[in-house]
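Novice: Next up is a structure, given as structure tokens.
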Amino acid sequence: MSKIVKVIGREIIDSRGNPTVEAEVHLEGGFVGLAAAPSGASTGSREALELRDGDKSRFLGKGVLKAVAAVNGPIAQAVIGKDAKDQANIDKIMIDLDGTENKSQFGANAILAVSLAAAKAAAASKGMPLYEHIAELNGTPGKFSMPLPMMNIINGGEHADNNVDIQEFMIQPVGAKTLKEAVRIGSEVFHTLAKVLKAKGMSTAVGDEGGYAPNLGSNAEALAVIAEAVKQAGYELGKDVTLAMDCAASEFYKDGKYVLAGEGNKAFTSEEFTHFLEDLTKQYPIVSIEDGLDESDWAGFKYQTEVLGDKIQLVGDDLFVTNTKILKEGIEKGVANSILIKFNQIGSLTETLAAIKMAKDAGYTAVISHRSGETEDATIADLAVGTAAGQIKTGSMSRSDRVAKYNQLIRIEEALGDRAPFNGLKEVKGQ
């Protein structure tokens, strides 16, 4: 039995210099799992709660000592002696003990760190890589694929101090034959984009997710400079590289209107903003749009799905917050056709796997995602491969908190070879 003998929680620092929770789970036989919780900037209102101390004298109120105390106290007491291989039971014990709908007693950051650390320790005790253990937990042993990356090379919105309203402009190296080649194409376009921006006298400082964060004349200009970079890098837009956007529209939804401050405070209704996006998809090969409307604008989302849903992938992030109850409602109402998967929106590995399964069973795609506040923890790489999710969103080609995930994917691809196909654009809904 992979019995848990010790659990340690500690406060560490994330990629934004804010504290987060790290957990260590020790098993009989000396096996250890180590995992850290990420943290978002543009968060959905229905996400599981990230517990912060609120003590302004430490880390400006962002300390996580309460969550760490939960790991070292009640959580440790509850899971010590339990079998780490029984992930569903470990997660259920913590969720039941917390006793709240949104994990506000211990914090999703505490529960998630222990959940992932337990999975890593269990994988070690079985003598297998984490992705292989995840595939077994998922009920799909031995079924793997390498995800198509969505690389966020221009950051706006809450991820950058610039005038760009749309939060992420991404490239997908769909012409690649392997994940490793996709990373190379992404890197070449990223570096070429720096040249394009410099030639225009624009900033090449990077945002939270490692993409450039220049001030631009409009949101469409972000697409134009990326298109120029793709061409200059020697690739064909639409064939070798496609585009994706995360609007994070909740962040610019004010009094029932979508207000683009970077475009002279232009205001749109749900229908108008849908057609604004539709026009962009006619000008550029955009194959995926995330959170194209506010998380509460379900009528608008239904309309957007009717207009765009058969042509492109419409991903719900703040809309669904990796929550099966909310996703189920979305599936029943025909809202969006894809879900963004973020561990810490729901707060445990078991619930994350349930959301991926529900999406796939309904014909929705699942995009595995980082958060804007990350650590060197690369678990999402193993999650993407182990669930054969097909797509991953883990930032740009800079900042080691982002690159850690790409490097882990490169290692996994090397280990699995033909057992983990890279399916490229075929993974994207509507393509």
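From the backbone N, Cα and C atoms, a Cβ is placed for every residue, glycine too.
Remember, it's a predicted structure, so these values are computed and weren't measured experimentally.
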Novice: Which one of Lys143, Lys195, Lys393 goes with Gln167, Lys342, Arg371, Ser372 at the (2R)-2-phosphoglycerate site, as Swiss-Prot has it?
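Specialist: So the (2R)-2-phosphoglycerate site in Swiss-Prot includes Gln167, Lys342, Arg371, Ser372 plus, from the candidates Lys143, Lys195, Lys393, Lys393.
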Novice: Which single residue out of Glu221, Glu271, Glu272, Glu290 does Swiss-Prot record at the Mg(2+) site shared with Asp246, Asp317?
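Specialist: Among the candidates, Swiss-Prot records only Glu290 at this Mg(2+) site.
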Novice: At a 10 Å cut-off from the C-beta of Gln167 ((2R)-2-phosphoglycerate binding site), count the other C-beta atoms across all protein chains.
Specialist: 29
Novice: List, in sequence order, the residues of the same chain other than Asp246, Glu290, Asp317 whose Cβ lies within 8 Å of the centroid of the Cβ atoms of the recorded Mg(2+) site.
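Specialist: Sorted by sequence, the hits are Gln167, Glu168, Met245, Cys247, Ala248, Ile289, Asp291, Val315, Gly316, Asp318, Leu340, Lys393.
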Novice: Check the Cα distances from Arg371 ((2R)-2-phosphoglycerate binding site) to each of the binding-site residues Asp246, Glu290, Asp317 and keep only the ones within 10 Å.
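Specialist: Cα filter at 10 Å returns nothing.
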Novice: Compare the C-alpha of Gln167 ((2R)-2-phosphoglycerate binding site) with the C-alpha of each of the recorded positions Glu209, Asp246, Glu290, Asp317, Lys342, and give the closest one.
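Specialist: Closest by Cα distance to Gln167 ((2R)-2-phosphoglycerate binding site) among the recorded positions Glu209, Asp246, Glu290, Asp317, Lys342: Asp246.
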Novice: Give me the Cα-Cα distance between Asp317 (Mg(2+) binding site) and Ser372 ((2R)-2-phosphoglycerate binding site), rounded to a whole Å.
Specialist: 13
Novice: In sequence order, which same-chain residues at least six apart have a C-beta under 8 angstroms from Glu209 (active site, proton donor)?
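Specialist: Sequence-distant Cβ neighbours: Asn152, Asn155, His159, Glu168, His370, Ser372, Gly395, Ser396, Arg399, Arg402.
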